[in-house]
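Per Swiss-Prot, these features apply:
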BINDING   76-89, 282-294  NAD(+) binding site
BINDING   Arg96, Arg106, Arg134, Asp224  substrate binding site
SITE      Tyr141  site 'Important for catalysis'
SITE      Lys192  site 'Important for catalysis'
BINDING   Asp224, Asp248, Asp252  Mg(2+) binding site
Amino acid sequence: MSKQILILPGDGIGHEIVAEAVKVLEHVNVRHTLNLRLSFDALGGAAYEKYGSPLADETLARARDADAVLLGAVGGPQWDTIDPALRPERGLLKIRAQLGLFANLRPALLYPQLADASTLKPEVVAGLDILIVRELTGGLYFGQPRGSRISKNGEREAFDTLPYCESEIRRILKVGFEMARLRGKKLCSVDKANVLASSQLWRTVAGEMAKDYPDVTLSHMYVDNAAMQLVRHPKQFDVIVTENMFGDILSDQASMLTGSIGMLPSASLDANNKGMYEPCHGSAPDIAGQGVANPLATILSVAMLLRYSMGHIKTADAIEHAVGVVLDSGLRTADIWSEGMTKVGTVAMGDAVVAAL
């Protein structure tokens, strides 16, 4: 029985990087007889231009029917002045919410070949392997009420709401505990419980759940301290679990510990491990169309897709190994290039990974 993957290239460099990931996916599909069927559609700004909406109803229906979704990136300055409800990012938020993709897994893994590319000293980041588990469908980005108005004294003001219910907290903490159990058995729950009521509930629930995971060491950390500790001593962390906005910020910070956000994949999963997979980086409109974008994060997102949503562990391992082989050979895109390495473009990097497979 075949499995269906919906491909959404998105905007900016999305089409370029996704093309290389699809190249890898098609190669392993044939070589490993995976019986995968690929289809394509638009999301974000591309969907706004095609359908008049950043997420068309028919695209959402196709995503529901698919076994997994592979996304490039969304957004661009040409859509910054349109109705906020129609901006590309709203399509991304909507598809996550409608598909119930509440758990975002963002690894921050430093390839030893790229230790010099990190902005931190090699001895601080050597061997770095962190997983950030971010709650994706609740909190400040979705909370109601939200909006803007004129206050009683005539000023413009805007407001947002940060709600979390116990069931939302429990299900993301469960993912955090389970992932920690599979890794180094250390879980750091990040909150702002000294200020926020939602974080106080979060910390209480985490403490209650820890009793069910006696093999996992749970620690708590305020988000401001966590941001500092990620730079001071990042290797103290194994798995970090946190709410939506904190995870958004910390995962981007952690990505730069690895040398380039262009190396980092991500997975967004529902309760049944059906998911959407995308690189951690954005649409990079400043380099779109130049053929210089790093496709490795998207290729590694394919590996995560095969591992978590398809159960093809050996194929996922093979892709990750192939990326390591390519880095060993000295090939680098511009974002990870250093003296003595060979600078290549997007297509050449994708071809090299296929050759290594």
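Backbone N, Cα and C define each Cβ position, glycine as well.
Recorded features from Swiss-Prot, shown on the structure.
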residue	record	DSSP class
Gly76	NAD(+) binding site	coil
Pro84	NAD(+) binding site	helix
Arg106	substrate binding site	strand
Tyr141	site 'Important for catalysis'	helix
Lys192	site 'Important for catalysis'	coil
Asp224	substrate binding site	helix
Asp248	Mg(2+) binding site	helix
Ala284	NAD(+) binding site	coil
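Annotation for the recorded positions Arg106, Arg134, Lys192: lowest Cβ count within 10 Å of the residue's own Cβ, Lys192. Cβ packing within 10 Å was compared across the binding-site residues Ala284, Ala288, and the lowest neighbour count falls to Ala288. For Asp224 (substrate binding site), the nearest neighbour among the listed binding-site residues (Asp248, Ala284, Ala288), judged by C-alpha distance, is Asp248. Shown in sequence order, Gly10, Asp11, Leu43, Gly44, Gly45, Ala47, Tyr48, Pro54, Val74, Gly75, Gly76, Trp79 are the residues of the chain, 6+ apart in sequence, with a C-beta less than 8 angstroms from the C-beta of Pro88 (NAD(+) binding site). Residues listed for substrate, Arg96, Arg106, Arg134, Asp224, cover a largest CA to CA span of 27 Å. Shown are the binding-site residues Asp80, Asp224, Asp248, Asp252; of these, the residue with the fewest other Cβ atoms within 10 Å is Asp80. Local packing around the Cβ, expressed as the count of other Cβ atoms within 10 angstroms, is greatest for Gly76 among the binding-site residues Gly76, Pro84. Within 10 Å of the Cβ of Arg96 (substrate binding site) there are 19 other Cβ atoms, across all protein chains. Closest to Val292 (NAD(+) binding site) by Cα-Cα distance, out of the recorded positions Arg134, Tyr141, Lys192, Asp252, is Asp252.
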